[in-house]
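In what follows, a single structure is set out as C-alpha coordinates and then discussed.
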Amino acid sequence: MSKLFRAVILGPPGSGKGTISERVASSFGLQHLSSGDFLRENIAAKTEAGVLAKTYIEKGALVPDHVMTRLMLPRLEEMTRHSWLLDGFPRTLAQAEALNSACELDVVISLNIPLETLKERLRHRWIHPASGRVYNMCFNPPRVQGVDDISGEPLIQHEDDKPEALVARLRHYKDVAKPVIDLYRAKGILHMFSDTETDRIWPYVSSLLSAKIPTDLADAQRATTH
Ligand SMILES: Nc1nc2c(ncn2[C@@H]2O[C@H](COP(=O)(O)OP(=O)(O)O)[C@@H](O)[C@H]2O)c(=O)[nH]1
Ligand SMILES: Nc1ncnc2c1ncn2[C@@H]1O[C@H](COP(=O)(O)OP(=O)(O)O)[C@@H](O)[C@H]1O
(Lines of atoms letter the chains of each structure in order from A and count residues from 1; the text may use other names and numbers.)
(Lines give C-alpha, C1' and ligand atoms only; values in the text may rest on other atoms or scores of the structure.)
(Ligands and ions follow the chains in the order given, each with its own letter.)
Protein backbone atom coordinates (compact mmCIF):
# COMPACT_ATOMS: atom_id res chain seq x y z
CA MET A 1 0.00 0.00 0.00
CA SER A 2 1.23 3.52 -0.72
CA LYS A 3 2.41 5.64 2.17
CA LEU A 4 -0.30 7.74 3.74
CA PHE A 5 0.03 11.49 4.17
CA ARG A 6 -0.99 13.31 7.35
CA ALA A 7 -1.23 17.07 7.65
CA VAL A 8 -2.56 19.61 10.13
CA ILE A 9 -3.62 23.18 9.36
CA LEU A 10 -3.33 25.70 12.21
CA GLY A 11 -4.57 29.25 12.36
CA PRO A 12 -6.91 31.55 14.28
CA PRO A 13 -10.64 31.60 13.61
CA GLY A 14 -11.20 33.23 10.23
CA SER A 15 -7.64 32.62 8.99
CA GLY A 16 -8.90 30.56 6.04
CA LYS A 17 -8.28 27.01 7.35
CA GLY A 18 -11.62 25.79 6.05
CA THR A 19 -11.22 27.55 2.69
CA ILE A 20 -7.68 26.24 2.13
CA SER A 21 -8.62 22.75 3.39
CA GLU A 22 -11.40 22.53 0.80
CA ARG A 23 -8.89 23.43 -1.93
CA VAL A 24 -6.42 20.84 -0.61
CA ALA A 25 -9.14 18.19 -0.49
CA SER A 26 -10.18 18.81 -4.08
CA SER A 27 -6.67 19.27 -5.53
CA PHE A 28 -4.85 16.51 -3.65
CA GLY A 29 -7.64 14.11 -2.67
CA LEU A 30 -6.93 14.27 1.08
CA GLN A 31 -9.86 13.81 3.46
CA HIS A 32 -10.67 17.11 5.17
CA LEU A 33 -11.50 16.64 8.86
CA SER A 34 -12.74 19.79 10.55
CA SER A 35 -13.10 19.74 14.33
CA GLY A 36 -15.67 22.56 14.11
CA ASP A 37 -17.82 20.66 11.59
CA PHE A 38 -17.51 17.47 13.61
CA LEU A 39 -18.55 19.32 16.78
CA ARG A 40 -21.54 20.85 14.99
CA GLU A 41 -22.58 17.38 13.73
CA ASN A 42 -22.39 16.12 17.31
CA ILE A 43 -24.39 19.09 18.56
CA ALA A 44 -27.07 18.53 15.90
CA ALA A 45 -27.20 14.81 16.77
CA LYS A 46 -27.34 15.68 20.50
CA THR A 47 -24.58 13.19 21.37
CA GLU A 48 -23.19 13.36 24.90
CA ALA A 49 -20.07 15.20 23.68
CA GLY A 50 -22.20 17.50 21.50
CA VAL A 51 -24.47 18.57 24.36
CA LEU A 52 -21.43 19.29 26.52
CA ALA A 53 -19.50 21.11 23.75
CA LYS A 54 -22.45 23.39 22.91
CA THR A 55 -22.29 25.18 26.28
CA TYR A 56 -18.64 26.15 25.70
CA ILE A 57 -18.93 27.11 22.03
CA GLU A 58 -21.85 29.46 22.75
CA LYS A 59 -19.68 31.33 25.24
CA GLY A 60 -16.83 31.64 22.72
CA ALA A 61 -14.75 29.27 24.87
CA LEU A 62 -12.72 26.27 23.78
CA VAL A 63 -14.18 22.84 24.39
CA PRO A 64 -12.15 21.10 27.17
CA ASP A 65 -9.20 18.99 25.99
CA HIS A 66 -10.52 15.67 27.31
CA VAL A 67 -13.83 16.15 25.46
CA MET A 68 -12.00 17.06 22.22
CA THR A 69 -9.50 14.22 22.30
CA ARG A 70 -12.21 11.67 23.18
CA LEU A 71 -14.13 12.92 20.16
CA MET A 72 -11.31 13.31 17.61
CA LEU A 73 -8.96 10.37 18.23
CA PRO A 74 -11.59 7.68 17.55
CA ARG A 75 -12.56 9.63 14.41
CA LEU A 76 -8.92 9.47 13.25
CA GLU A 77 -8.80 5.75 14.02
CA GLU A 78 -11.60 5.27 11.48
CA MET A 79 -9.31 6.94 8.93
CA THR A 80 -6.21 4.77 9.25
CA ARG A 81 -6.40 3.87 5.54
CA HIS A 82 -6.80 7.46 4.34
CA SER A 83 -4.57 10.45 3.91
CA TRP A 84 -6.04 13.40 5.74
CA LEU A 85 -5.79 17.07 6.56
CA LEU A 86 -6.89 17.96 10.07
CA ASP A 87 -8.39 21.44 10.51
CA GLY A 88 -9.09 22.92 13.96
CA PHE A 89 -7.45 20.13 15.96
CA PRO A 90 -5.06 20.25 17.81
CA ARG A 91 -5.69 23.67 19.28
CA THR A 92 -3.87 23.28 22.60
CA LEU A 93 -0.60 21.71 23.68
CA ALA A 94 -2.46 18.90 25.49
CA GLN A 95 -4.36 18.09 22.28
CA ALA A 96 -1.13 18.19 20.24
CA GLU A 97 0.49 15.75 22.67
CA ALA A 98 -2.51 13.41 22.49
CA LEU A 99 -2.36 13.53 18.68
CA ASN A 100 1.39 12.88 18.79
CA SER A 101 0.89 9.63 20.63
CA ALA A 102 -1.75 8.52 18.11
CA CYS A 103 0.01 9.26 14.82
CA GLU A 104 2.95 10.83 13.06
CA LEU A 105 2.39 14.03 11.06
CA ASP A 106 4.15 14.84 7.78
CA VAL A 107 3.37 18.55 7.47
CA VAL A 108 1.88 21.33 9.60
CA ILE A 109 0.58 24.41 7.77
CA SER A 110 0.25 27.50 9.96
CA LEU A 111 -1.68 30.57 8.77
CA ASN A 112 -0.53 33.90 10.14
CA ILE A 113 -3.17 36.55 9.33
CA PRO A 114 -3.44 40.09 10.80
CA LEU A 115 -6.05 40.57 13.54
CA GLU A 116 -7.97 43.31 11.72
CA THR A 117 -8.34 41.06 8.67
CA LEU A 118 -9.71 38.25 10.86
CA LYS A 119 -12.30 40.47 12.51
CA GLU A 120 -13.48 41.84 9.18
CA ARG A 121 -13.81 38.37 7.61
CA LEU A 122 -15.69 36.76 10.48
CA ARG A 123 -18.24 39.56 10.64
CA HIS A 124 -19.18 38.61 7.07
CA ARG A 125 -19.05 34.81 7.41
CA TRP A 126 -22.27 32.89 6.85
CA ILE A 127 -22.63 29.12 6.73
CA HIS A 128 -25.00 26.44 5.56
CA PRO A 129 -25.33 24.41 8.77
CA ALA A 130 -26.28 21.05 7.21
CA SER A 131 -23.24 20.85 4.88
CA GLY A 132 -20.76 23.18 6.59
CA ARG A 133 -20.39 25.22 3.36
CA VAL A 134 -18.87 28.60 4.20
CA TYR A 135 -19.64 31.89 2.46
CA ASN A 136 -18.36 35.39 2.87
CA MET A 137 -20.60 38.25 1.82
CA CYS A 138 -17.59 39.94 0.13
CA PHE A 139 -15.03 37.20 -0.76
CA ASN A 140 -17.30 34.36 -1.90
CA PRO A 141 -20.95 35.39 -1.64
CA PRO A 142 -23.77 32.92 -2.35
CA ARG A 143 -25.46 33.31 -5.75
CA VAL A 144 -28.68 34.40 -4.00
CA GLN A 145 -28.26 36.46 -0.84
CA GLY A 146 -28.86 34.48 2.37
CA VAL A 147 -29.37 31.15 0.58
CA ASP A 148 -27.10 28.09 0.08
CA ASP A 149 -26.09 27.64 -3.61
CA ILE A 150 -26.68 23.89 -3.68
CA SER A 151 -29.61 23.13 -1.36
CA GLY A 152 -31.41 26.50 -1.54
CA GLU A 153 -31.71 26.40 2.27
CA PRO A 154 -31.17 29.50 4.43
CA LEU A 155 -27.69 30.49 5.64
CA ILE A 156 -27.00 31.31 9.27
CA GLN A 157 -24.24 32.99 11.25
CA HIS A 158 -22.38 30.92 13.88
CA GLU A 159 -23.17 32.08 17.38
CA ASP A 160 -19.39 32.37 17.88
CA ASP A 161 -18.92 34.65 14.84
CA LYS A 162 -21.21 37.26 16.38
CA PRO A 163 -19.27 40.24 17.78
CA GLU A 164 -19.72 39.39 21.50
CA ALA A 165 -18.04 35.97 21.23
CA LEU A 166 -15.59 36.95 18.49
CA VAL A 167 -13.16 39.18 20.33
CA ALA A 168 -12.82 36.71 23.22
CA ARG A 169 -12.10 33.90 20.76
CA LEU A 170 -9.38 35.75 18.88
CA ARG A 171 -7.66 36.93 22.04
CA HIS A 172 -7.62 33.49 23.58
CA TYR A 173 -6.44 31.78 20.40
CA LYS A 174 -3.02 33.42 20.38
CA ASP A 175 -2.08 32.39 23.93
CA VAL A 176 -3.18 28.81 23.46
CA ALA A 177 -1.68 28.33 19.98
CA LYS A 178 1.85 29.49 20.73
CA PRO A 179 3.13 26.30 22.43
CA VAL A 180 1.50 24.19 19.69
CA ILE A 181 3.31 26.17 16.98
CA ASP A 182 6.57 25.94 18.95
CA LEU A 183 6.20 22.16 19.27
CA TYR A 184 5.78 21.66 15.51
CA ARG A 185 8.58 24.11 14.75
CA ALA A 186 10.88 22.09 17.01
CA LYS A 187 9.88 18.92 15.15
CA GLY A 188 10.87 20.60 11.86
CA ILE A 189 7.47 20.10 10.17
CA LEU A 190 6.03 23.63 10.53
CA HIS A 191 5.38 25.74 7.43
CA MET A 192 4.14 29.26 8.17
CA PHE A 193 2.27 31.43 5.63
CA SER A 194 1.64 35.13 6.24
CA ASP A 195 -0.65 37.29 4.11
CA THR A 196 -4.03 39.03 4.15
CA GLU A 197 -5.41 37.06 1.15
CA THR A 198 -6.08 33.34 0.81
CA ASP A 199 -5.60 33.55 -2.95
CA ARG A 200 -2.01 34.74 -2.43
CA ILE A 201 -1.28 32.00 0.15
CA TRP A 202 -2.81 29.14 -1.82
CA PRO A 203 -0.10 28.81 -4.56
CA TYR A 204 2.57 28.37 -1.85
CA VAL A 205 0.52 25.77 0.04
CA SER A 206 -0.16 23.98 -3.21
CA SER A 207 3.51 23.80 -4.22
CA LEU A 208 4.51 22.68 -0.70
CA LEU A 209 2.05 19.80 -0.85
CA SER A 210 3.03 18.91 -4.41
CA ALA A 211 6.59 18.51 -3.17
CA LYS A 212 5.70 16.61 0.02
CA ILE A 213 2.94 14.24 -1.00
CA PRO A 214 4.48 10.92 -2.06
CA THR A 215 4.29 10.42 -5.83
CA ASP A 216 2.64 7.01 -5.63
CA LEU A 217 -0.09 8.45 -3.41
CA ALA A 218 -0.64 11.40 -5.76
CA ASP A 219 -0.84 8.97 -8.72
CA ALA A 220 -3.33 6.73 -6.92
CA GLN A 221 -5.49 9.74 -6.05
CA ARG A 222 -5.37 11.08 -9.59
CA ALA A 223 -6.42 7.65 -10.86
CA THR A 224 -9.48 7.62 -8.58
CA THR A 225 -10.56 11.13 -9.53
CA HIS A 226 -10.40 10.54 -13.31
N1 LIG B 1 -12.07 38.76 2.14
C2 LIG B 1 -11.55 37.53 2.23
N3 LIG B 1 -12.26 36.59 2.87
C4 LIG B 1 -11.72 35.34 2.96
C5 LIG B 1 -10.44 35.04 2.42
N6 LIG B 1 -10.19 33.72 2.69
C7 LIG B 1 -11.26 33.25 3.35
N8 LIG B 1 -12.20 34.22 3.50
C9 LIG B 1 -13.49 34.16 4.18
O10 LIG B 1 -13.22 34.38 5.58
C11 LIG B 1 -14.07 33.57 6.39
C12 LIG B 1 -13.20 32.64 7.25
O13 LIG B 1 -12.59 31.66 6.44
P14 LIG B 1 -12.60 30.12 6.89
O15 LIG B 1 -11.98 29.34 5.78
O16 LIG B 1 -13.95 29.72 7.36
O17 LIG B 1 -11.56 30.23 8.13
P18 LIG B 1 -11.31 29.27 9.39
O19 LIG B 1 -12.13 29.82 10.51
O20 LIG B 1 -9.84 29.41 9.66
O21 LIG B 1 -11.69 27.88 8.97
C22 LIG B 1 -15.00 32.82 5.43
O23 LIG B 1 -16.20 33.55 5.33
C24 LIG B 1 -14.22 32.82 4.11
O25 LIG B 1 -15.07 32.74 3.00
C26 LIG B 1 -9.71 36.08 1.75
O27 LIG B 1 -8.59 35.91 1.26
N28 LIG B 1 -10.32 37.29 1.70
N1 LIG C 1 -9.61 21.59 18.86
C2 LIG C 1 -10.55 22.27 19.54
N3 LIG C 1 -10.43 22.44 20.88
C4 LIG C 1 -11.34 23.12 21.59
N5 LIG C 1 -12.43 23.68 21.05
C6 LIG C 1 -12.61 23.55 19.72
C7 LIG C 1 -11.68 22.85 18.89
N8 LIG C 1 -12.12 22.89 17.61
C9 LIG C 1 -13.25 23.60 17.62
N10 LIG C 1 -13.56 24.00 18.88
C11 LIG C 1 -14.73 24.79 19.32
O12 LIG C 1 -15.65 24.91 18.25
C13 LIG C 1 -15.79 26.27 17.83
C14 LIG C 1 -15.96 26.35 16.33
O15 LIG C 1 -14.83 25.77 15.71
P16 LIG C 1 -14.46 26.12 14.19
O17 LIG C 1 -15.60 25.83 13.30
O18 LIG C 1 -13.14 25.49 13.95
O19 LIG C 1 -14.37 27.68 14.27
P20 LIG C 1 -13.29 28.66 13.74
O21 LIG C 1 -12.71 28.09 12.47
O22 LIG C 1 -14.10 29.87 13.50
O23 LIG C 1 -12.36 28.70 14.89
C24 LIG C 1 -14.55 26.96 18.38
O25 LIG C 1 -14.75 28.33 18.60
C26 LIG C 1 -14.34 26.20 19.70
O27 LIG C 1 -15.23 26.65 20.69
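Any Cβ shown, glycine's included, is placed from N, Cα and C.
Residues annotated as ribonucleoside 5'-triphosphate binding site in TrEMBL: G14, S15, G16, K17, G18, T19, R125, V134, Y135, T198. Look at TrEMBL and you will find S35, R40, A61, L62, V63, G88, F89, P90, R91, Q95, R169 tagged as AMP binding site. For 125-160, the entry in TrEMBL reads domain 'Adenylate kinase active site lid'. As annotated by TrEMBL, region 'NMPbind' applies to 34-63. The annotation region 'LID' is assigned in TrEMBL to 124-161.
Fewest other C-beta atoms within 10 angstroms, among the binding-site residues F89, Y135, are seen around Y135. Using a 10 Å radius centred on the Cβ of G14 (ribonucleoside 5'-triphosphate binding site) and all shown protein chains, the other Cβ atoms total 26. Close contacts with ligand 1, defined as a Cβ under 6 Å from any of its atoms, occur at G14, G18 among the binding-site residues G14, G18, S35, V63.
Listed in sequence order, the residues of the same chain lying 6 or more apart from R91 (AMP binding site) and placing their CB within less than 8 Å of its CB are S35, L62, M68, Y173, V176, A177, V180. Checked against A61 (AMP binding site), the binding-site residues G14, G16, G18 differ in C-alpha distance, with G14 being the nearest. Long-range Cβ contacts of G18 (ribonucleoside 5'-triphosphate binding site) within its own chain (separation 6+, distance under 8 Å): S34, G36, D87, G132, V134.
Among the binding-site residues A61, V63, the residue whose Cβ has the fewest other Cβ atoms within 10 Å is A61. The closest partner of V63 (AMP binding site) among the binding-site residues, by CA position, is G14; the full candidate set was G14, G16, R125, Y135. Among the binding-site residues listed (G14, G16, R125, Y135), G14 has its Cα nearest to the Cα of R169 (AMP binding site).
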